[in-house]
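**Student:** The active site, nucleophile annotation in TrEMBL covers 396. Positions annotated as active site by TrEMBL: 399. Among the features that TrEMBL reports, FAD binding site is placed at 203, 205, 216, 255, 258, 291. Under the heading disulfide bond, TrEMBL lists 96-101, 145-182, 396-399. Per TrEMBL, the feature signal peptide maps to 1-18.
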């Protein structure tokens, strides 16, 4: 019996298992939460040349406010995703058992009609658009629209008008997967839908247990690089230094993404108070402490938070590198007034991002042009593509949408940094029309994923300051 208890204790104290969700049900009682959870958030970010404090100030005052006003705009709020794509790695476990996790459609009469009208086609610049097939045929014919109550935490709202469905089809750009780090959903698949991200915010859904734990376990155990000998199945702060720069960067990016997602769930947590009708969404400091306190994570929680900053700088650099390309995109929706506002806001955001120094230096990775470097780069790409495919195994539809969006956003950033296309372009004489399709192109969905994924990281860093202040009071 004693041996069994020791085994269970060791599992709980294992850093990765704690991050999967095998955590104590209650945070340790101590007033010094801020001192413990945020103890690693100082000095320079790992693999980078700027400080955590500088990133905090730059993000919270210059980036976060701009993204907060930009991302709700029509161009960035609709993301295409296939929620019925089968899991390629293990048999379907049936997903979420609750009806709250189901995707529901609404009658057109129940949908707000403030959707803009498309006035012209983008085909002159990008070529003819194909019409993605939308899951809008099995709508309700009577009754009221079910928008999902607070109890239905996993509910995914796929509300779209027929006009919006037709308009969104005009936005589609031809895809270019030559350098893709993602397993991208096929827009022509009948199961591909447009999801309004404003109607389906990322927050706590109650998705947990063996299914959720299996997702992260597979990502860390089978898709993160590990030292060849003498270590267990997981990477943590004690052995990540034994990896080469490229493999360290891979681990830090995945760990940072995982930390960011956990922050979102703690920042938008459903407080029920045990009284029907008294639920509200808000910050949960105790849940944050359970997920990041070194006492509940074998010392790893604060280092996971530190990896968030690495990922932020990686995606920040990708957007800066792609800025000459992005500045010439029309960000077209057909609403002339909003399109003008969005283009001005994007241009302003890109100017802020370009002003940041020093950026993450991707040129130090995959260097030498040797076959070994190219092999490592391909292995890097293959591992990340596998992670994007694992998102099809998520059992909660709302979690799947945000998992797919954030991994595709990171994959798009990696594509920008390591495809080589922008290394050859002259930023001072960049011509979008002359950019050959065989060289490089971003689809609208990749751009939406890139900006929203970076927005999630920006939101996480902003929320860290809120948690820090709450912990100090």
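The backbone N, Cα and C atoms fix where each Cβ goes, and this holds for glycine too.
No curator has checked TrEMBL annotations; they are predicted automatically.
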**Student:** Taking every protein chain shown into account, which of the binding-site residues 203, 258, 291 has the largest tally of Cβ atoms within 10 Å of its Cβ?
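**Tutor:** The largest 10 Å Cβ neighbour count belongs to 291.
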**Student:** Across all the protein chains here, work out how many other Cβ atoms are within 10 Å of the Cβ of residue 399 (active site).
**Tutor:** 24
**Student:** Are any of 203, 255, 258, 291 (the binding-site residues) within 10 Å of residue 399 (active site) when you go C-alpha to C-alpha, and if so which?
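**Tutor:** The binding-site residues passing the 10 Å Cα test are 203.
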**Student:** Which has the fewest other CB atoms in a 10 Å radius around its CB: 216, 255, 396, the listed recorded positions?
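**Tutor:** Checked 216, 255, 396; of these recorded positions, fewest Cβ neighbours within 10 Å: 216.
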**Student:** What's the longest C-alpha separation between any two of 203, 205, 216, 255, 258, 291, the listed FAD-binding residues, in angstrom?
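**Tutor:** Result: 21 Å between the two most distant Cα atoms.
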**Student:** Near the Cβ of residue 205 (FAD binding site), how many other Cβ atoms are there if near means within 10 Å?
**Tutor:** 24
**Student:** Would you kindly give the Cα-Cα distance separating residue 396 (active site, nucleophile) and residue 216 (FAD binding site), rounded to the nearest Å?
**Tutor:** 14
